Structure formats: structure tokens, C-alpha cells
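Right, one structure below, let's go through it.
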Amino acid sequence: MTTRKRPLALLILDGWGYRENTQKNAVFHANTPVLDQLNAKYPNSLISGSGIDVGLPDGQMGNSEVGHINIGSGRIVYQELTRISKAIDDGEFDTNPALTKAIDDAIEVNGAVHIMGLLSPGGVHSHQDHIEAMCRLAVKRGAKKVYLHAFLDGRDTPPRSAKPGLAHFEELFKSLGTGQVASVIGRYYAMDRDNRWDRVSQAYELITEGKSLHQSATAVDAIEAAYTRDENDEFVGSTVIPDAQGNIAKLVDNDALIFMNFRADRARQITRSFVDADFDGFERAVTPKINFVMLTEYAANIKAAIAYPSSDLVNTLGETLQDRDLTQLRISETEKYAHVTFFFNGGKEEPFKGEDRILIQSPKVATYDLQPEMSSTELTDKLVAAIESTEYDVIICNYPNGDMVGHTGNFDAAVKACEAVDTCIGRVVEALEKVGGECLITADHGNAEQMTDESTGQAHTAHTSELIPLIYVGRDAEIENGGRLSDLAPTMLTLMGQDVPEEMTGRSIIKLKE
């Protein structure tokens, strides 16, 4: 006979921060009777999900990858942004074997060094300082043909903020005496993670064939033309920028292609289009034989050189539950599925023993303000059924709405997104109460609580560094102040009566009352 389990659920409300200022604060203005009631009835606090508390530079906004790694590992994990910036500062970057080999091999056959990545100071998927270091390294080692394919942000940065960065790189190449910004395209196309291959194909064709919707004389001209077309950075259509002789840079056999994004989830699809022999996402007109370098490991089954391999995280929450013969469920929509699985497990693709996964398809809409509830009802249907089954000791669930709709900059839609999640939380808590379960309700970082940039008046589409909520719906308890995301796994294990592995340096911040 199967033992009925009383699950402990962790509900992660993605992009749901706390902000004192109520202006254009979608979290504040949303009608959220369920969460209001839970806050009034149960222990709650605010915890940190940004900066040094999650292994990022001081003041750097958190993000979903970082948040889930810190939650799942139960320790502060120093992030790739910090790690690579330090390597550049120390000079180690200039001797990195994967990078130097790709450059040198291209030079040896008179090939080109192509560099692609999100040209942004956002620090979420990449940093333009890293891209500059890569351009300088290629020229320093003797490359005569250096081509930068710039993916534009406007999501982790203000919607129209790419121009200064593009101007800087044009001046950089002039000062270096070689190299050019060869193409620009919005991240909406180049960095899709939801199998919308029609978008990715536009970036692939731009880089391999020089095929584009637009052509401009300079990168600055390209962004100005995009703004004239009313395209924000994220949505800039494919634009090729010929050199002074009118030549268009195309990726060909024996060239190097170095991808300077350090975050995996939005780097995987376009990487596979370049390196997978059996790729079938779209029809590729050309498949050049190139030396491809991933800045970090985007997936274990992608066959390409890695400049900075992942460090192994052991005794994460998922692994600990496995080792103690406890069952666990991970559930989310497509947009955040990798976060509750791959990232939560410390960068491991394969499920642990006793770990089940449920993926709910995110709606196929151009932007999520068109459907702010996303697939939350279907997600909650599956989650409630899993709770009622009493099969799981631990359930990890992510509701993407606050983040995905927050990124659109649409305040009214973000309010609706928060309201949809609140309704779902009510159903989940009711199901848990019926089976004697408990839950922690928290977030991974802020977003929807700030929908306008107060300094510019533009829509605010980026994450924030605000504190995030934590509610314990369970026994009589107190929550200590000063908590961080890395405290959640030790707290969960303690609530379950389990010992905390020594690798988890977070602390249990919920103290049960006698």
C-alpha cells in the first residue's frame, strides 16, 4: 500500500517583488485577496534575491537562472557574470584555451572570427564588457577579420537603450584598426527559448547568409532606422551592415563563432542550429563547418567547445531528496520549465530518482501581455491533481506570469497577470489544506512591481533589485529577518525533519513554535 504523503510545496511567483513606491506597481495595484489573506494569517517576511546575496555583483538585479540555482543548491552560488568579469580583470581570460584556440585556428586559414551575443550592460544573459574583451583578444592575437553580430536587449535594459552601446563598439573597432559590427537583430528572434524556430531562423540566416530584412551603413544607422519603424531594441528586425567596400560578413567554413552569452536557457536553441548535425528546427540553406565556442556550458549534450565549464554542485535539494528516498515533482510552463529542473538541480539535465516533471505549454502568442494569465489555469489543474494524489513529499512550482508579462512593460496586463496567479494560489492552498500539506510562497526576483522607469518615463521591462516575499502556509512559526534565496532549501529540509547537508551554507529561517 502506498503511503499517503503530506507534501511541502514551494511556489515561486516569478518576477514578483516588493516595492514601497506604489506608482505603476502592478503587484500593489492587482486585486489579490488570496495573498492578502495569507499574509494576514501566516508568518511572512521579505528576503533578498539580488546582488551579493545571490553571488552577483553588489546592486546587480537578480534573474530567474540565478534565483533558481541559489534556491535549489541551498548556498550562494557565485554567478558566471562575476566569474568571467574576474577572469578578464585578472588577465586569465586572454589565455583561455577554448577562446585562444578558436581564434588561432581561424587566423591560420585566413578565416574570420565571428562574435555573437547580447550587446547589453544588463548582466542577465551577457555583459557588453565581456564582448569588448573578446573583440580585443581576437585583434590582439592577430585576427584581421573580426565580425560582431549584436543581439539587442531592451528587456533587461530600457526598451530603447541600445544606441550608446552600438556607437561604443563602432568606435572600439576604429581604435583597434580592424573589425566591425556586421549585423544587428533583436533578442526576440536570436534568443528564443520556446521552440519558435521561425524566429531563430532569421538570426541564423542573418549570420550565415547575410540574409536580412534591412540594410544600414552603420550600426547606429541601423538602430535609428529601427526606432523610425517603431521597433524597440528587443524586436529590431534583422539588419546587415556591409563594410566600406559593400561586402557582407557571412559565416563560412573554418571560421570561428564565439557565443558570448553566459546564461544557458536562451542560448541553447540558436547554438543547436549552428552545431547539431541532425538539427531539424528549420531548413538550413547552408551549414558551415566552424569552430563554435560556448562561453559557458549551455547543455551537456551540445557538442561544442566550452570556455568556462560549469563547476559541479553536489548535495542540492533535489539530490538530497533522492538520497533520502523522498519523492519530488517539478512543474511549470515552458517558459520556466528549465528553471525548476535544470537550474534548480544545479545545472544537471537528468531528473533525480523519484523526481517527476510536468511541462505545461506556454501560450503561443507574440508577447504575453496579449494573454497575461498565460497557462496558469492548466498549470494549476495539474498541480492540484498532483497534490491530491499524495504521491509527492516535495513539489516545486513556478508561475511565470509576473516576470513574463512584466517584461512587456504593459502595466494593465501585468496587473491582470498578478490577479490570475493570486486566483491559482487560492486553489493550490485549498488543495494542500485538504491533504495536510504545507507551502512556502516566494519569488526568484522582482519585476512586476516596477512597470515604469521613473527617470526616463519609459516602460520598465527589466528585473529589479527589490526584496521578494516569503510566506509560510503551515504550522505556527516565526520567520527570521535577513533571509536570502539560499536559505530556502535548508528551511524546507528542516520543516521536513531532515538534516541539512554541510554543503548547504544557507540557514533555516523558519522557527516552529512549541
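Cβ coordinates are placed from backbone N, Cα and C, and glycine is handled just like the others.
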Hey, Swiss-Prot has Mn(2+) 2 bound by Asp14, Asp444, His445. Any idea which of Ser64, Ser389, Ser486 it lists too? Ser64
Fewest other C-beta atoms within 10 angstroms, as judged across Asp14, Asp156, Asp403, Asp444, which are the binding-site residues: Asp156
One of the binding-site residues Asp403, Asp444, His445, His463 has its Cα closest to the Cα of Asp156 (substrate binding site), namely His463
Taking the Cα atoms as reference points, how far is His463 (Mn(2+) 1 binding site) from Asp14 (Mn(2+) 2 binding site) in Å? 10
Identify which of the binding-site residues Arg193, His463 has its Cβ surrounded by the largest number of other Cβ atoms within 10 Å, counting every protein chain shown. His463
Once near-sequence residues are set aside, which residues in the chain of Ser64 (Mn(2+) 2 binding site), 6 or more away, have Cβ atoms under 8 Å from its Cβ? Asp14, Lys336, His339, Phe343, Asp403, Asp444, His445
Excluding near sequence neighbours, so keeping only residues 6 or more apart in the same chain, what lies with its CB under 8 A of Ala264 (substrate binding site)? Glu65, Thr296, Glu297, Tyr298, Ala299, Ala338, Phe342, Gly347
Listed in sequence order, the residues of the same chain lying six or more positions from Arg266 (substrate binding site) whose CB sits under 8 Å from its CB are His125, Arg187, Met191, Asp192, Arg193
